[in-house]
Amino acid sequence: MPKNSKVTQREHSNEHVTESVADLLALEEPVDYKQSILNVAGEAGGKQKAADEELEAEDRPAWNSKLQYILAQIGFSVGLGNIWRFPYLCQKNGGGAYLVPYLVLLVIIGIPLFFLELAVGQRIRRGSIGVWHYVCPRLGGIGFSSCIVCLFVGLYYNVIIGWSIFYFFKSFQYPLPWSECPVIRNGTVAVVEAECEKSSATTYFWYREALDISNSISESGGLNWKMTLCLLVAWSIVGMAVVKGIQSSGKVMYFSSLFPYVVLACFLVRGLLLRGAVDGILHMFTPKLDKMLDPQVWREAATQVFFALGLGFGGVIAFSSYNKQDNNCHFDAALVSFINFFTSVLATLVVFAVLGFKANIMNEKCVVENAEKILGYLHTNVLSRDLIPPHVNFSHLTAKDYTEMYKVIRAVKEDRFASLGLDPCLLEDELDKGTGLAFIAFTEAMTHFPASPFWSVMFFLMLINLGLGSMIGTMAGITTPIIDTFKVPKEMFTVGCCVFAFFVGLLFVQRSGNYFVTMFDDYSATLPLTVIVILENIAVAWIYGTKKFMQELTEMLGFRPYRFYFYMWKFVSPLCMAVLTTASVIQLGVTPPGYSAWIKEEAAERYLYFPNWAMALLITLIVVATLPIPVVFVLRHFHLLSDGSNTLSVSYKKGRMMKDISNLEENDETRFILSKVPSEAPSPMPTHRSYLGPGSTSPLETSGNPNGRYGSSYLLAGTPESEL
């Protein structure tokens with residue numbers, strides 16, 4: 001065959017193969033054949049060796065240090081959810097009782113699957129699309145679904161960063177703008193804003209000044225220009241942080257990952273010194289044991305584990321793909337998981353200490369207001385002075401005295417008690433009020449701090465950094481697999497993603513935007529994410545093979561991971577996730593999806609169900625996020641989409657050639673591997689290609705070394721160039 005000719009099409013295939021080895025060598029400098037290896041993986045495990053050699057040869061970016069990598073993983077996993085969602089779930093689901101299901105699910109699902117994602121990313125050194133295509137080509141759609149879920153989460157997550165930016169800039173004034181209700185002046189008459197008077201100053205500022213929210217999701221109300229500008233700032237910051245990949249984002253992580261811990265430590269010390277802080281912490285650790293048996297609590301705990309560790313998003317895989325293959329990812333998994341849980345508990349201590357302080361202040365305010373009511377009833381003879389215990393002093397009325405007085409009046413005036421309008425003023429009731437922890441409850445508590453603007457600036461700067469760290473990981477879950485797979489220009493694609501996401505994100509900065517945030521956060525991302533995590537587990541444990549995976553981990557790490565992971569990956573984790581997914585679907589069927597709407601006229605929240613068009617949008621989002629999985633499976637099952645098993649890819653570098661069979665399925669590999677008896681597995685290559693099996697004798701081999709210096713690898717046959 002002439003030197004410049006191409007290899008003909010393979011039999012039964014419409015795809016062209018790469019140039020012949022001779023063609024490639026003709027364009028290169030002379031090669032020392034004694035130093036060249038053509039490895040077509042003729043032995044068991046040769047597939048992995050071929051993949052290893054190609055991966056080592058490629059020029060892939062790497063972390064500057066182990067510390068930078070760990071900070072990146074911490075920055076991605078520790079996010080806004082650790083600061084407000086975890087404390088909110090603790091408060092909602094029984095305080096310390098919630099820690100039990102969370103810890104159980106963290107151990108049997110969270111840590112094993114986090115280790116799994118770290119390991120496959122580090123071993124294969126690809127983004128999520130490449131990783132799951134390698135593990136199981138028919139489940140290659142998992143990677144595409146991960147990218148879509150990352151997009152959904154990134155769209156609304158950056159809106160939350162925008163909210164934090166708005167509050168951050170509003171914090172540079174004293175008193176804080178949400179500390180008092182606005183006063184409307186009409187000539188000489190000054191009237192407090194009715195909506196604020198019916199609710200509270202912080203609630204009014206959040207719903208009216210910040211969001212300018214509409215009464216329902218059906219009322220768009222147009223764009224909120226303040227939040228639109230904040231969203232633009234947020235995407236600009238994210239874009240600058242990720243435009244250069246890990247070269248730029250890695251440096252950002254030193255500050256964005258460490259600064260929140262400095263702020264949390266300051267808040268913890270300050271919070272513990274506040275009056276009532278102990279009451280809040282005791283309330284947190286007082287378990288409501290009945291909650292431990294509630295399936296809803298376990299489902300919410302599982303969702304929090306997924307979001308806390310970033311499972312299924314692809315960010316964990318993307319970050320670990322830039323590691324060296326001998327990195328101890330087992331230690332990384334345990335370390336990051338512990339730091340994540342520690343951060344959640346630390347943030348919860350801070351939140352409940354501050355909320356305990358706020359609850360005491362609000363409880364004292366409640367006692368004063370209701371004591372004035374009782375004094376009014378005494379002066380108008382509605383109540384008899386005989387109902388007041390003799391030791392009660394209205395000038396120095398304590399919460400204990402008021403509670404005693406309240407019980408006496410309620411017992412005596414049982415038939416007319418409701419008309420008196422007296423509140424019990426219980427500290428526990430105030431501690432149970434946690435709606436909007438970050439932007440309502442916590443901001444209100446900070447108004448009572450000395451030097452409140454300083455603490456507010458620090459708090460929202462912390463939220464911005466926490467959100468930025470998570471957004472860097474989320475963007476990596478989108479950009480890394482796309483760039484790896486389609487070889488698009490990194491900077492151009494990253495900037496394009498940020499611009500596209502900003503314009504789509506305008507949906508969330510309408511006056512009704514907060515309701516869309518609820519839709520995406522509570523529903524559109526949660527169910528697809530659970531499906532993705534289940535399929536990841538199945539792909540590795542049941543299709544690729546747990547034993548095989550454990551053996552490769554042993555070779556990569558230099559030690560064998562605990563058998564605990566084998567049983568978790570193989571049995572426990574998929575079973576638990578299947579049960580939780582079933583419970584989620586049943587929950588959606590029993591309780592139609594809805595959202596908490598703020599009704600301006602009532603100055604109160606009301607739970608509303610999504611209208612039909614919103615339900616159609618919600619279902620569409622879930623379908624779009626999961627659709628790549630069955631589509632890729634069907635296309636590859638019926639051979640409508642190549643899985644890489646029908647092409648021979650030869651890569652070469654400085655006289656070293658490797659055959660990539662990393663994408664071959666088990667049945668396809670046998671067609672390429674020559675057995676010791678050539679007739680048992682004829683070569684699918686054209687006859688002018690001459691490959692020698694591991695048991696064959698090459699003309700280049702000497703009698704003194706029957707296996708040659710190349711061991712079990714295939715040798716480049718010493719045929720004349722005309723035969724090639």
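The backbone N, Cα and C atoms fix where each Cβ goes, and this holds for glycine too.
Taking the Cβ of N340 (Na(+) binding site) as centre and 10 Å as the limit, one finds 26 other Cβ atoms among all the protein chains shown. The Na(+) binding site annotation in TrEMBL covers G75, V78, N82, N340, L466, S470.
Taken from TrEMBL, the feature compositional bias 'Polar residues' covers 695-706.
Marked as region 'Disordered' by TrEMBL: 678-724.
Taken from TrEMBL, the feature transmembrane segment applies to 69-87 (among others). When Cβ-Cβ distances below 8 Å are used as the criterion, the transmembrane segment (69-87) is approached by residues 63, 157, 160, 246, 249-250, 253-254, 256-258, 260, 304, 307-310, 315-316, 319-320, 322-323, 327, 332, 335-336, 339-340, 343-344, 347-348, 351-352, 434, 437-438, 442, 462-463, 466-470, 472-474, 476 of the same chain, each at least six residues removed from its ends.
The transmembrane segment feature in TrEMBL is assigned to 99-120 (among others).
What TrEMBL records for 141-169 (among others) is transmembrane segment.
Annotation comment: TrEMBL describes 225-246 (among others) as transmembrane segment.
A Cβ distance under 8 Å defines the sequence-distant neighbours of the transmembrane segment (258-278), meaning residues of its chain 6+ beyond its ends; these are 71, 78, 343, 346-347, 349-350, 353-354, 356-361, 449, 455, 458-459, 461-462, 465-466. Here TrEMBL flags 258-278 (among others) as transmembrane segment.
Sequence-distant contacts of the transmembrane segment (301-322), counting only residues of its own chain at least 6 positions beyond either end whose CB sits under 8 Å from a CB of the stretch, comprise 60-63, 69, 72-73, 76-79, 81-82, 85-86, 89, 93, 98, 101-102, 105-106, 109-110, 113-114, 117-122, 124-128, 131, 143, 146-147, 149-150, 153, 246, 329, 332, 336-337, 340, 344, 470, 473-474, 476-481, 526, 529-530, 532-533, 536, 576-577, 580. Among the features that TrEMBL reports, transmembrane segment is placed at 301-322 (among others).
What TrEMBL lists as transmembrane segment is 334-355 (among others). Residues 70, 73-74, 77-78, 82-84, 86-87, 90-91, 103, 106, 110-111, 114-115, 261, 264, 267-268, 271-272, 274, 277, 280-281, 283-284, 308-309, 431, 434, 437, 441-442, 445-446 of the same chain sit 6 or more residues outside the transmembrane segment (334-355) yet have a Cβ under 8 Å from a Cβ within it.
Packing against the transmembrane segment (454-480) from elsewhere in the chain are residues 72-80, 82-83, 127-128, 146-147, 150-151, 153-154, 157-158, 160-161, 164-165, 167-168, 171-172, 176, 234, 237-238, 241-242, 245-246, 249, 252-253, 255-257, 259-260, 263-264, 266-267, 270, 310, 313-319, 321, 438, 442-443, 446, 490, 493-494, 497: each is 6 or more residues past its ends and has a CB under 8 Å from a CB in it. Annotation source TrEMBL lists transmembrane segment at 454-480 (among others).
According to TrEMBL, the transmembrane segment annotation covers 492-511 (among others).
What TrEMBL lists as transmembrane segment is 523-544 (among others). Tertiary proximity for the transmembrane segment (523-544) is limited to same-chain residues at least six positions away from its ends with a CB under 8 Å from its CB atoms, namely 113, 116-117, 120, 132, 135-136, 139, 142, 145-146, 148-149, 152-153, 302-303, 306-307, 311-313, 569-570, 573-574, 577-578, 580-581, 584-585, 588, 593, 618, 621-622, 625-626, 629.
Annotation source TrEMBL lists transmembrane segment at 564-590 (among others).
Residues 138-142, 144-145, 148-149, 152, 217-218, 519-520, 523-525, 527-528, 531-532, 535, 592-595, 641 of the same chain lie 6+ residues outside the transmembrane segment (610-635) yet bring a C-beta within less than 8 angstroms of a C-beta in it. Here TrEMBL flags 610-635 (among others) as transmembrane segment.
Counting every protein chain shown, the Cβ of L466 (Na(+) binding site) has 28 other Cβ atoms within 10 Å.
Listed by sequence, the residues of this chain that lie at least six past the ends of the transmembrane segment (225-246) yet keep a Cβ under 8 A from its Cβ atoms are 61-63, 72, 158-159, 161-163, 165-166, 210-211, 252, 319, 322, 467-468, 471-472, 475-476, 479-480, 490-491, 494-495, 498-499, 501-502, 505-506, 508-509, 513. If you look at the transmembrane segment (141-169), the same-chain residues 6 or more away from its ends with a CB under 8 A from one of its CBs are 80, 127-133, 210, 226-227, 230-231, 233-235, 237-238, 312-315, 439, 443, 456-457, 460-461, 463-464, 467-468, 470-471, 474-475, 477-478, 481-482, 501, 504-505, 507-509, 513, 516-517, 520-521, 524-525, 528-529, 531-532, 535-536, 539, 621, 624-633. Listed in chain order, the extra residues whose Cβ falls within 8 Å of the Cβ center of the Na(+) site residues G75, V78, N82, N340, L466, S470 are I74, F76, S77, G79, L80, G81, S257, P260, A308, T343, G469. Local packing around the Cβ, expressed as the count of other Cβ atoms within 10 angstroms, is greatest for S470 among the binding-site residues N82, S470. Long-range contacts of the transmembrane segment (99-120) within the same chain: residues 90, 131, 135, 287, 292, 297-298, 301-302, 304-306, 308-309, 311, 316-317, 320, 329-330, 332-334, 336-337, 341, 533, 536-537, 540, 549, 553, 556, 561, 564-565, 568-569, 572-573, 576-577, each at least 6 residues beyond the stretch ends and with a Cβ under 8 Å from a Cβ of the stretch. In the structure as shown, the Cβ atom of V78 (Na(+) binding site) sits within 10 Å of 27 other Cβ atoms.
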